[in-house]
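Below you'll find the structure, written out as C-alpha cells, and then a few comments.
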Amino acid sequence: MLRMEHQPLLRGSSSPCKLPSWTLLLAVCAVGIGGTFQYGYNVSIINAPTQHIHKFLNETWSSRYQKELSPDLLTFLWSVIASIFSLGGLCGALIGGSMAIRLGRKGALLMNNVIAILASILMGISFPTGLFELLIAGRFLIGINSGIGLCVQPLYIGEFAPKHLRGGLAMGTSIFLTGGILTGQIIGLRELLGGEKHWPLLLSSSCIPALAQLLFLPWFPESPRYLLIDRGDELSCAKALKRFHGSSEYRREMEDIQRECFALDGEKPKKPWQLFTDRGVRWQLITVIVMTMGQQLSGINAIYFYATYVFQQAGIMAEKIPYVTLGTGVCECLTALSCGLLIDYVGRRCLIIGGYLLMTLWCTVLTFSLTYQELYSWVPYMSMTCVFAFILSFGLGPGGITNTLTAELFVQSSRPAAYMIAGTVSWISFFTVGMLFPFIVNGLKQYCFVVFLLECFFVAAFIFLIIPETKNKSFLEIKKEFHKLNFGRNARKKDTELFERRQLQDEFLKISA
C-alpha cells in the first residue's frame, strides 16, 4: 500500500500541481448553481424590497380587514417573513442527510429543485393574489431548499473530487455561495428588479438556478463513493470514476474507495444521534460543532450591520451606499476564488487559523476606530478599511474552509449524519445571532466587537491545538490522525487492530487486481 501511495509522483497523474479536468469543473458548476448559490441569492435578495413588502402588507391588511395595520403587527409580519427562511433552513438540514442516503447525492439535489420551483411560484403569485401568507410559505420552502443544498452539495463534491484537488473543488461551495450573494445584490438594485413594480419577480427569480440545475446536473454521474460503499455497485462506481477522472486516471481513486469500503466492513450509514455516542468520531464531531458555531458567531453579521454607518461616516451619500455595498460582495467572491486556488498548496490549517487571527486583529482595530470616529478626520476611512479587510479575512479562512473540513473529517458511513449535525448547528446559530444581535449592539454599541474578537481567537487556538492538516490525505488517513485523541490510552491496542486490518486490505486489493 505504501508503494501504491507513492506511484502518482512517478506517473504524474495525481501530482498536486495537476489541474482538474473540465468534467470535474463543470460538475462543480452544475452542483453549485442549484446548491449553495440558492442560499446566498435568497439571503441577499430579501433586503432590497423591504419597503415595498411593507407597503404590500399594509395595503393587503387594509383591503382585507378595512383597518390600518398597526406598526407592531407590521414589524411582526416582516420578522416572520425574514426569519421563516432560517426555520426552513433548519428543517432542510435535518432531512438533507437522509435524502442523500435514500436518493443519492445527485438525486437529492435534483429533487431539491422541485421545492425551489414551488417556492418561487408561491412568492411570485403572492402579490397579484393579495395573499401575504403565500410569501411566508414561499420563504419557508426556499429555506428548506437552501438547508438541503448546504448539506448535500459539499457532500457530493467532496466524494467525487480526487484527494489532491479535494480542497480546491470543495471551495466551489463557498464560491457559489458568495456568487449568489453578489448576484442577489446586483439583481436587487432598484434599476433592475429591486423597484416597486418588479419585486415579486425578484423573489420568484430563484426558480432560474433550480431550472438550470435540472437541465445540467443529469449529465453527470452519481457520487462514486456512494455507488460502491452505500449501494455496492462496483461497475457503476468504475463508470462514474472514468467520467470524472478519465479512463487512464481512475484506478487510483477506485483503490482508495475500495480501501475505505473494506475498512467500513459493510457498516450502514449512521444516524446523527449515533455519532454522539461513537467514541471513534468524538473529536471530529466536537471540531465540526466548534468550527460551525465559530463561523456564524465570528462577527461577520455585525460587520454588515455596521457597514452602512461606516460608509455614511466616510462621506458616502445614502443613495450611493447600495452600490458601495456591492464592493463587499465582490470582496467575498474574490477571497473565495483565492482560497480555492491556495487551499491545496498552502493547506487548510494555515488558511483557517490565519483567517481567524486576522479577524481578531480587525475587530480590535475597528473597536478603536468606531470609538474615536469623530476625533480625527481620517478615522472613518480606517473603519471603512477594516470592514473590507474583515470580509476578506473571513472569506479567505472560515468562510471557505469550514465546509471543506466537515467533508474530510468523516468516513462514508458518518459523513451524511455529520453534515446534518453541522447544518443544524449552523442554522440554530444563524437564528440565534439574528435574534440576539440587535440587543448586543444596543447594549454594547461598538464594543460588541470585543465579544467577537475573543470568539475568533478562541476558535483559532482550538484549531491550532486539535485539527491536523488534511491536505493530500485520504479519508482513512485523516481518521487515523484523530485516533489518539479519540481513544487516548487504548490507542496502541486500536493501532494494532488497524495495522492487522490494513494488511488484510492490501491482500484483498492484490487478489482483486
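Yeah, the Cβs are placed from backbone N, Cα and C, and that goes for glycine too.
Here TrEMBL flags 28-471 as domain 'Major facilitator superfamily (MFS) profile'. Annotation source TrEMBL lists transmembrane segment at 21-41, 76-96, 108-128, 134-157, 169-187, 199-220, 285-309, 321-343, 350-372, 378-396, 417-441, 447-467.
At the 8 Å Cβ cutoff, the transmembrane segment (76-96) and the transmembrane segment (447-467) share fewer than 3 close pairs (sequence separation 6 or more) and do not count as touching. Sequence-distant neighbours of the transmembrane segment (321-343) (same chain, 6+ residues past either end, Cβ-Cβ under 8 Å): 44, 167-168, 171-172, 174-175, 177-179, 181-182, 185-186, 189-190, 304, 307-308, 311-312, 351, 387-388, 391-392, 394-397, 399-401, 404, 471.
Only residues 6 or more beyond the boundaries of the transmembrane segment (199-220), in the same chain, are considered here, and those with a CB under 8 A from a CB of the stretch are 23, 26-27, 29-31, 33-35, 37-38, 41-42, 45-46, 48-49, 52-53, 106, 109-110, 113, 116-117, 119-121, 123-128, 135, 138, 142, 145, 180, 187-188, 193, 243.
Residues of the same chain lying 6 or more positions beyond the ends of the transmembrane segment (378-396) and with a Cβ under 8 Å from any Cβ of it are 174, 178, 298-300, 303, 306-307, 310-311, 313-315, 327-328, 331-332, 334-336, 338-339, 351, 354-355, 358-359, 362-363, 365-366, 369-370, 372. Residues 283, 286-287, 290-291, 294, 297-299, 302, 348-349, 352-353, 356-357, 359-360, 363-364, 366-367, 370-371, 398, 405, 440-441, 485 of the same chain, all 6+ positions outside the transmembrane segment (447-467), place their C-beta atoms under 8 angstroms from a C-beta of that stretch.
By number of Cβ pairs under 8 Å, the transmembrane segment (21-41) is matched best by 169-187 from the list 134-157, 169-187, 285-309, 350-372. As a whole-number mean, the pLDDT of the domain 'Major facilitator superfamily (MFS) profile' (28-471) in this prediction is 88. Distant neighbours of the transmembrane segment (350-372): 291, 294, 298-299, 306, 310, 339, 342-343, 379-380, 382-383, 386-387, 389-390, 393-394, 396-402, 405, 445-447, 449-450, 452-453, 456-457, 459-460, 463-464; these residues of the same chain sit at least 6 beyond its ends, with a Cβ under 8 Å from one of its Cβ atoms. Each of 134-157, 169-187, 417-441 was scored by its Cβ pairs under 8 Å to the transmembrane segment (285-309), and the highest score goes to 417-441.
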